[in-house]
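Worksheet for the structure shown next.
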């Protein structure tokens, strides 16, 4: 059968059939099929790229490539053909051969093109992928194409099951000496595992490197440090550093910088500082980046004085600070709202002989805008222009936004007109700022109209302009308009960014349109558009929020099918959602999977699991997790301790709960109002009101005033203990404190009223009548149940019927109460009815005012919608 090779020349012609002259290649005749230059023509690209694969069309999957990769392959193939190097392509198209694919890959000019071609034609199952992929990597390494060999191994690792990684290592090591050295193959494997975030497998390769007497390269150690920092495995980091000191390679300044930066980004600036000071002990001197990382870290933490100390130390030791050093300090003061001190630092920089750049001007200008001092921002802009520092798009974004938000809109319009006339920025940048400015001003219709005018006039707006409108529409809840703008964006050939999709998905999710959000996500992933993991996490949260656990599970499995590896944020969201849904065992399985993949769970994950186990009554497992958390180097936070205390109180283990309170002080935590309320509630449930009162005094002494929950808990406790007078006293305290009683307060007191003696019940009722209460289904259940308890089950049924007539929403408890009342009525049907007692009349009165309120509320709701 004749095989045709489709070639696309680097032009923008969408339909141009052509045949190359036979003199270019006497063996093959090539033709150009009609291929659109649009990045959205995936179906067309599939029809010609598979012709280069030795596998049938059904096995080749070019749509797994991005549009950028497809274009690179097409351009690369056309260049090979023009250079009359198509014979290798013809032989390879007949049968897959590792030697031939390596020959073809080395013919391409660029590494990215070679790797894209490899992904196009490499279609094997797990076993064959390991074998052939290893051979291809060996051959590439033998030709000294090391980086491409790493790309191939990384791709194979990502293509097979994670459990098969050991098979890959064994096959790569077996007979590797025929192609490359021990160091070469082990270094390739180690770097490849790191490329796919499998740092523990990389650690195993490192152990093998040392076993054969080799020394790893310093650069790969830096990459390994970064991976371990990312997953938070600090124990392995220190072990790795000790191994370098004892067995090489000797730590370099770059290695230390990686550690300093990593710990600072994790929020452990003091650890980074300690590493900075021990560098000299290992004959490594800090460089400008070492200082800069600490300056940025302390600025991020708001400790500007410490940051300035390192700036001064940097200068004293003969280092010239880079622009971002001073920019970080100025930005830190601006974030604090201390624009005066930021300006002093800015001026001091110039006195010291350093010249601020446009980024530093932008930082200070943004600080003035946030402080709503537009005049100072304008003056700084003029100063910047007078010194010959050209403003950029960020400069005008800050100024225009400031004028529209805190200044005068006409000043913003004037700035845009001046910007247009001055030709300072390219036309596209000016239009982007104009659209963004209108969005900031809330003039979305005008922004959309400006965008349409630009398109009609042939002015190409960027993704930034479209994103500004999409985000603005999503912010005000107009998702339909946001979708229309998105469709225009795609129509004009612009590739949406991850910000675009995330904004659309968030908007659809907020509206509860999860089906539409899923369809959008599917379209984007099918077309290989840039979808970040945050988009999946947003949808996961929303599925759990509406209680659709199956939808969340399906989305989670879909992520795996699409080879989108969940990050720590996605794992945390999934575990938290499962725990809230009561699926704690499933959540724990995901927790174990997260740990196996090298992600160290943070406090949020542990708190979710501990809370889930406590709620399902498995306090023993919750305490085990809390102990494990400490062993992993994570100190419990206030949320952890409150959850543990609540679990202990739920089981009546008050002594252990108080011990947990004491333990909080030992680890540096201060109990909050939730802690005290939980303990007070525990004592109340144990009928130990004396201890509850004692804890109240401790709470006052600690500087905490009781809130509504505190009062409600104590009122409920005294009512359960039949100490109604004390409950009334606490109710008076609540009102005197200026707090407004809520429905819980009302229902608690109402239940006490129904069980108390009549005279005091009437006094309590008078107090209740003065409250602005809102009865709910709990209120009706209390009254309906007390009718039956007082020997009047027929009144329960009568009032139940009346509530049904006004379409009141009963719950399961309501129906159980009325079923019990009906059985009592049937049992007593032969007995003579008793006259209504005074207590019965009183209950009727309470039921009447409740019924009257509910009836009036429903009438108002109906009139509102008619």
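The backbone N, Cα and C atoms fix where each Cβ goes, and this holds for glycine too.
Automated prediction, rather than curation, is the source of TrEMBL annotations.
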Listed range which TrEMBL flags as transmembrane segment, given the options 54-72, 73-91, 92-110: 92-110
Per-region confidence, the repeat 'PPR' (707-741) (mean pLDDT, whole number): 84
Intrachain neighbours beyond the repeat 'PPR' (252-286), with Cβ under 8 angstroms and 6 or more residues off its ends: 218, 221-222, 225-226, 229-230, 232, 237, 241, 244-245, 293-294, 296-298, 300-301, 317
The repeat 'PPR' (357-391): DSSP-derived helix, strand, coil residue counts: 26 helix, 0 strand, 9 coil
